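Notes follow the structure.
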Amino acid sequence: MSKIPVIVIVGPTAVGKTSLSIELAKKLDGEIISGDSMQVYRGLDIGTAKITSEEMCGIKHHLIDVTDASVPFTAAKFQSETMALIESIHSRGKLPIIVGGTGLYIQSVFYDYDFGNSSEDKAFRAKLDSLDKVTLWKMLEQQDPESAKLIHENNKRRVIRALEVIHLTGKPFSEYQVHHKLNDMYKPLFLGLDLDRALLYERINQRVDIMFEQGLVSEAKKLYDENLADVPAIRGIGYKELFTYFEGNSTLEEAKELIQKNSRHFAKRQLTWFRNRMEINWIQAGTSSTETEAMNKVKTFLASK
């Protein structure tokens, strides 16, 4: 059975993944699967820079607005949904194109991946849950430095799960998850967009400015009024900072600056993940030849056996 070809476009936030994916999909008769852990949630539009129906240009998109913010959408769920979508898109004679910046989600589709769901130790988890974020992250850094580089200390839920897996298996979380063996069902081409760090950070700051102009504060306030502060989806950048403002613990300008700062740090972590975890064909973003270079790589890839 021949492997299904899949184009995968990755890179940091604000680098230009969406526009490139649309152009490739137009020319290659493709359908796009969002590889973004936040864009699956309805009501989180401005803060996630979610593509609009106009921007889709008639290209069919998948895994956008599929669940309410109160219902968690896990990496395991993304893995199963995406694998089914790849089969469906391919069976209709279309080219599957995955685009996004959530490395864990995208990687789970193409590599032998174990989420460590076989067992739990509720008592151990409760003990971890009673500890503060900094203490937990330092524990992870000591036990599994590789995972600590890729999981932010503010992501308490993910840090706890990593420590729990280490406790249950006796192995580092990073080793338990990925064995770096490609799934033999697919033939992926990983395209990564990169940009000069100063230019990328400038784009990120400008994007946040535009989000505020588009009504991010109102969008976040609606979610805040629905008492969703403790929902995992709301812990994403752009919402948690504004919730702090709504609670009177910061000014609006401080919240905005923190969103920009956290977004820049997130972009740096995204690049670290993709460079360390996946074999990517890197392309310089923001140039007149970006699309042409990407298209040439895709054509060569599709022509190969």
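Using N, Cα and C of the backbone, Cβ positions are placed for all residues, glycine too.
Here the structure is a predicted model, which means the values were calculated and not measured.
Sequence-distant neighbours of Pro12 (ATP binding site) (same chain, 6+ residues apart, CB-CB distance under 8 A): Gly101, Leu193, Leu195, Leu200, Phe266, Ala267, Lys268, Gln270, Leu271. Look at Swiss-Prot and you will find Gly11, Pro12, Thr13, Ala14, Val15, Gly16, Lys17, Thr18 tagged as ATP binding site.
Counting every protein chain shown, the number of other Cβ atoms lying within 10 Å of the Cβ of Lys17 (ATP binding site) is 22. Summarising the annotation, Swiss-Prot assigns substrate binding site to Thr13, Ala14, Val15, Gly16, Lys17, Thr18.
Positions annotated as region 'Interaction with substrate tRNA' by Swiss-Prot, on the basis of sequence analysis: 36-39. Mean model confidence of the region 'Interaction with substrate tRNA' (36-39) amounts to 94 (pLDDT, 0 to 100 scale).
If you look up Swiss-Prot, you'll see Thr102 (among others) marked as site 'Interaction with substrate tRNA', on the strength of sequence analysis. Under 8 Å, Cβ to Cβ, and six or more positions away along its own chain, Thr102 (site 'Interaction with substrate tRNA') finds Gly35, Asp36, Ser37, Phe78.
If you take the C-beta of Arg125 (site 'Interaction with substrate tRNA') and look for same-chain residues 6 or more apart in sequence within under 8 angstroms, you find Ile160, Glu164. Positions annotated as site 'Interaction with substrate tRNA' by Swiss-Prot: Arg125 (among others).
Helix first, then strand, then coil: DSSP counts for the region 'Interaction with substrate tRNA' (36-39) stand at 0 helix, 0 strand, 4 coil. Local packing around the binding-site residues Gly11, Gly16 was summarised as the count of other Cβ atoms within 10 Å of each Cβ; on this measure the leading residue is Gly11.
Listed in chain order, the residues near the ATP site other than Gly11, Pro12, Thr13, Ala14, Val15, Gly16, Lys17, Thr18 are Gly101, Leu193, Leu195, Ala285, each with its Cβ within 8 Å of the site Cβ centroid. Other than Thr13, Ala14, Val15, Gly16, Lys17, Thr18, the residues of this chain whose Cβ falls within 8 Å of the Cβ centroid of the substrate site are, in sequence order, Gly11, Pro12, Ser19, Gly101, Leu193, Arg203, Ala285. Classification of Thr18 (ATP binding site) by DSSP places it within a helix. Of all Cβ atoms in the protein chains displayed, 25 besides its own lie within 10 Å of the Cβ of Val15 (ATP binding site).
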